[in-house]
Amino acid sequence: MKFCLYCCHCYIVICGKATHYYKSSKATSNLKSSNRVLMRNPMSPSEQHSQHNSTLAASPFVSNVSAARTQQSLPTDAQNDRLQQPWNRTNTATSPYQSLANSPLIQKLQANIMTPHQPSANSNSNSNSITGNVVNDNNLLASMSKNSMFGSTIPSTLRKVSLQREYKDSVDGVVRDEDNDEDVHNNGDAAANANNDRESKLGHNGPLTTTTLTTTTTATQLDVSELSAIERLRLWRFDALMQHMYRTAEYIADKVYNISNDPDDAFWLGQVYYNNNQYVRAVELITRNNLDGVNILCRYLLGLSFVKLQRFDDALDVIGEYNPFSEDPSTTAANTMSNNGNNSNTSQPVTDGGIKMESSLCFLRGKIYFAQNNFNKARDAFREAILVDIKNFEAFEMLLSKNLLTPQEEWDLFDSLDFKEFGEDKEIMKNLYKINLSKYINTEDITKSNEILAKDYKLADNVDVVRSKVDICYTQCKFNECLELCETVLENDEFNTNILPAYIGCLYELSNKNKLFLLSHRLAETFPKSAITWFSVATYYMSLDRISEAQKYYSKSSILDPSFAAAWLGFAHTYALEGEQDQALTAYSTASRFFPGMHLPKLFLGMQFMAMNSLNLAESYFVLAYDICPNDPLVLNEMGVMYFKKNEFVKAKKYLKKALEVVKDLDPSSRTTISIQLNLGHTYRKLNENEIAIKCFRCVLEKNDKNSEIHCSLGYLYLKTKKLQKAIDHLHKSLYLKPNNSSATALLKNALELNVTLSLDASHPLIDKSNLMSQASKDKASLNKKRSSLTYDPVNMAKRLRTQKEIFDQNNKALRKGGHDSKTGSNNADDDFDADMELE
């Protein structure tokens, strides 16, 4: 059922045919009077905007339901008089979400609203009909109008106009005149024929599927034909503003303000100036008539304009240094006593469902303090903004993204928020807020919230849910998994600024220089004035060890966005790598002041002082970092190293064991895990717990066999425990992996010298091996002797034969004399031969 734009008769579209129904003039007049929509003017004498209202209070879509309902019970004269009263545009008895329901930015769809395409209900009938659902007062009908900018969200007869316009465009020769009813029938037939022709051209041979869009004009909807000229101009202005046609919006808004002289109309004209970057004109408009003193919306807009003009002191003068709407303690006590006394007249202020202006002003105050580098007051203002209205998510995000709160303070603030204001949406909103908190603590709770959002609310592919997983992986040094998650998001949103910093960090950690180069090149072409662009370029040069170029672009990135923490830390790192300690300390100190809730600048300050051998100063900064984030393995590792250098090995072991406990779920091949294991092994070595130290090193060696330092450390421990062969093997392996390892070279030299000079036990493997080798040598020598005796030398043989002949002759002479020592003489001769042979 539709209402004709030019008459109050209604018609029903059935299969492309328009069936017309007549209404009596009396019924028509009653329809006009009962469905009259009254534009709200909160600046009327009966009510003005308060800090509990939002800009919805000045929206042209706000209606007065109760006033329209009470008009039916009034006499005609009294009813007309009431319509003329300016204060009739306001009624505080309506639902606090009434204006929100009527806003074009809100979509309220019932589950039983029919979809645009459904099969015909009666296939036997020549005209297939679809029964439409009747929409209640607070419900909106889904619209698939191609001519409507707002689609299914528009809650007024602006949708009716667009629907009729679409219908008029779809047929030829359709003319509607309230004076000629027959034209409607003819045009209905023409519409049916046109639809049939169009379907035949498209090749549809089956039954036609049509859609019946039924709207009922109620007191909560806008009927353009029932609005006054000024109200229609306001709708025109609003629609032009929503479509970013600022010249049209400015032209109409200026006329509306001149006609009405209403501060709300001045506010919307100022909005047009503000959105068109004409901030000076917005300031002149509001200050010329002192509108900031009578309209809180104009005051807020004036403060925004001053901020855009970087006139922060003027902006602070407009909105105040403190929240003027904060309750006085005495007033709060009085209200508490009256509530305890069951005072029925005491009630909470009724809001319109939008973000309260009080919260918006607190947020703007925080932005001003943040721009002035007054971070403590900025933190307090942002915290007050989110506590005043939990719907002000931007204030909550500023506290987290700008590192104004420590991880524990973030969770404390989250626990203090009252999510009951969201009603039935409490669960989803609580989880959506939780996934933005710090990942250094309560990681299990955040992981559980991610699972709930993915399973119960089908948000597994949502950017913020994936970003939460990215932050968890990056914090736990799971760079490969983090890189995969980042790439899934960047496939659909290539330049997502929330994902790019972690993605760039993963590329650097994994030494993926090619992807880092391509990303930096695309960013430089697309966003040459973005801080993330030059951060990526600087990180690429850092991966190439071109420190001077990296320093240049880190500086440029920090200038473009002074609140970009990663750029500040990278800029300070370049000075530290170049050995410029003073400049590095200055840069780290600046980052520590800019980001009071971040522990990394304090950690790096401690590392710089430790490199300068100022262990007491290093300890003080490490303690500050530990107080902010006690579960960061980097902090615990550096504290262990610091106490190791102070020869306090018991304390060093305490912090390193705690760090090892924290990184048990981290990637075992990450540099963080390896460093902690190595440092803990050296600590055990200093405490003469060599076996535990060896186990510690071998545990890492199972995960990373290509680390030269691990082999060097194991070689030293085996050398200390007199296991020379294992020591020499590991030291050789260390030098194979890193030939310029001076420690391994020195240790190997000592091991080889010790292997020569050290007296070993009889049971030592080297002794057993030596005995086996010596026995084999003797056997070989004996065999060689036997072989050498078989060699033929004529000269020697002649001498030996001559000698033997002489001996033989002497023996014969002795035998002739009857001597009895022939045997003995023979034996002595054999001994002398053997002796000669041995000497040879």
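We number each residue from 1, going along the chain as drawn.
The backbone N, Cα and C atoms fix where each Cβ goes, glycine too.
Values in this document were obtained by computation on a predicted structure and should not be read as measured data.
According to Swiss-Prot, the protein has these features:
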- 67-97: region 'Disordered' (REGION)
- 173-212: region 'Disordered' (REGION)
- 263-288: repeat 'TPR 2' (REPEAT)
- 296-319: repeat 'TPR 3' (REPEAT)
- 329-350: region 'Disordered' (REGION)
- 330-347: compositional bias 'Low complexity' (COMPBIAS)
- 357-388: repeat 'TPR 4' (REPEAT)
- 393-416: repeat 'TPR 5' (REPEAT)
- 426-454: repeat 'TPR 6' (REPEAT)
- 464-492: repeat 'TPR 7' (REPEAT)
- 499-526: repeat 'TPR 8' (REPEAT)
- 531-560: repeat 'TPR 9' (REPEAT)
- 565-593: repeat 'TPR 10' (REPEAT)
- 600-628: repeat 'TPR 11' (REPEAT)
- 633-665: repeat 'TPR 12' (REPEAT)
- 671-703: repeat 'TPR 13' (REPEAT)
- 802-840: region 'Disordered' (REGION)
- 829-840: compositional bias 'Acidic residues' (COMPBIAS)
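Over the repeat 'TPR 12' (633-665), the average per-residue pLDDT in this prediction is 93.
The repeat 'TPR 13' (671-703) shares the most Cβ pairs under 8 Å with 633-665, out of the stretches 263-288, 393-416, 464-492, 531-560, 633-665. Among the stretches 263-288, 393-416, 464-492, 600-628, 633-665, the one making the largest number of Cβ pairs under 8 Å with the repeat 'TPR 10' (565-593) is 600-628. Beyond the ends of the repeat 'TPR 11' (600-628), by six or more residues, the same chain brings 406-407, 565, 568-569, 572-573, 576, 581, 584-585, 588-589, 591-592, 634-636, 638-639, 641-642, 645-646 to within a C-beta distance below 8 angstroms of the stretch.
Each residue of the repeat 'TPR 13' (671-703) gets a DSSP state, and the totals for helix, strand and coil are 30 helix, 0 strand, 3 coil.
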